[in-house]
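TrEMBL annotations:
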TRANSMEM  A:22-51  transmembrane segment
TRANSMEM  A:71-91  transmembrane segment
TRANSMEM  A:103-133  transmembrane segment
TRANSMEM  A:153-172  transmembrane segment
TRANSMEM  A:179-202  transmembrane segment
TRANSMEM  A:222-241  transmembrane segment
Amino acid sequence: MTALVDTPGRTWRRGLLCGRQLTVMMAYVGGLWFLPIVVVVFVGIGALQVATGGWGDLSWSSVWEHSLQPMRYFPLAMAIIVGAGMLPNYVSHGMTRREFSIGVGIMIAVVSVAFAVVGAIGLGVEDVIYGWFGESPEYTVPHLYADPGDVPLVLAQYALLTSAHMATGWLIGATYYRFGGYLGTAMLLVTLLPAIAVEFVLSVSYFGQVAQDGFGWDRPPLAVVIPACLAITAATCYGTYRFVRRLAIKP
Amino acid sequence: MTLGIDVRNLTVRFGDVVAVDDVSFTLSGGKIYGLLGRNGSGKTTLLSLLAAFAPVRQGKVLVGGAEPFENSAVTEKVCLIRERSIAPDGTTVKDILNDARVFRPAWDEKYADRLLDMFQLPRKKTVSRLSRGQQSALGITVGLASRASVTIFDESYLGLDAPTRYDFYDELLRDYMEQPRTIIMSSHLIEEVGRLFEEVLILDRGRLVSHEETDTLLTAGAAVTGPAHLVDEVTQGLTVLSQQQLGGTKSTAVYGKISEDAQARARSAGLEIGSLGLQDLFVHLTREREEPT
């Protein structure tokens, strides 16, 4: 018999440590670099729109609603780096793939909620600023919410999209690490599917506009949409864990 | 804390290539082991399995009596440092050390700081912008300061210049005396690093061809020098590794044990019998042999 036996408690404790490290890294890159840039850019566009009295039919349209684009594609890119680069790094520090996967799951959850909070605050601030001019933001693409006051739905929309894209990014990163650049790129046809599926089911923003206006897609009730999106994201994370759990670290 | 290592009938194949071929050995632990082998002999593959970088598919690897793969009770105590850093782009020296501090339970922060100063490593620089020597020094810093029960250096110090390599050897010995643990070093710089090894394992084309205590291994061969006809007489029947002759004086390196009697007679006849270097033995044991047709 040996004392060197892994236990669920140890796995979760070290998984939490891993999640903390990954989240701190995301907070550093996202919080200190990405989000300030997003805020500055969108405030600038908003200021320009106010200064010029709006652009034609789009006068007083919401600027911040478009923040949904960078706020899901940046986490997607970061998750690709995590999937391809951080796994070998952490395994070399003695982490198991299972602990790493728990850590990634924690990072996805925390970052998604954090980005959702930032998204909700942005919509609220925009609503207040527009209010100073006696206007309300007009939303030009579909959303789960009708106005910024629907805070739970605002949070749900941002969090579901960000988490789905991060889970997809992790999967993409893992396949790039395992199969290399050419095959990894070819596999994007498959590995991007979780994000596309959530976009389709959620049917918001540009994607939702195309789905609804172009293909006549009717979004199912939220009681179906939200669990379905969560299920797709969770299945993607679990599938990626199954994929990496016996992955060899390259020389 | 030191951990022993048991490898039983380990075989690793990459397609048609057999990288490790039915290798078995036991390391009792608490020593400095040298793992020698030519390029492609399977050293890195073997070490990767000890550190759970890859799963074992045929055979068995036990570290401290337990399988290391996906067992963090083991992996947190095993630290494999490779020649090249695998940190993603943008990672700084500070990031690497921070991760090691969090994940390595026996991490010694003060010692890491001292090593950083010794190697003059810039903490804020990204790893990808470090010179090869600095990357080696960073690996060594992580390897030593992790104070892992099993610490493995896989040619990870080759990027250092000669003076820094000697500093590293001295530091390794000093720290090993203070904090005994199992250390495995693979290297091509055999003459340089051989003095550190207490036991030596030699891999050749995936097979373990020798596993001996260094002192025992060094008695497996001899260099006989003196009058040519006497040297030939003494070395008759032994495997000749190399010969040099100048006038009537000859020096022959042989593999094989010269009996005590023969040694006494040779010395009385004026022959010098010295030990062979580890490198000579390594070259002999791993020399390409012609395949029988």
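Count begins at 1; order follows the chain as displayed.
Glycine is no exception: its Cβ is also placed from the backbone N, Cα and C atoms.
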Counting Cβ pairs under 8 Å that sit 6 or more residues apart, are there three or more between the transmembrane segment (A:153-172) and the transmembrane segment (A:22-51)? no
Long-range Cβ contacts under 8 Å made by the transmembrane segment (A:103-133), restricted to residues 6 or more beyond its ends, are 15-23, 26-27, 30, 35, 39, 42, 46, 50, 60, 62-65, 67-68, 71, 75, 79, 82-83, 90, 95, 147-148, 151, 154-160, 162-163, 166-167, 170, 233, 237, 240
Grab the same-chain neighbours of the transmembrane segment (A:179-202) for me: Cβ-Cβ under 8 Å, and only residues 6 or more beyond its ends, written as numbers and ranges. 76, 144, 157, 160-161, 164-165, 167-168, 171-172, 208, 211, 217, 219-220, 225, 228-229, 232-233, 235-236
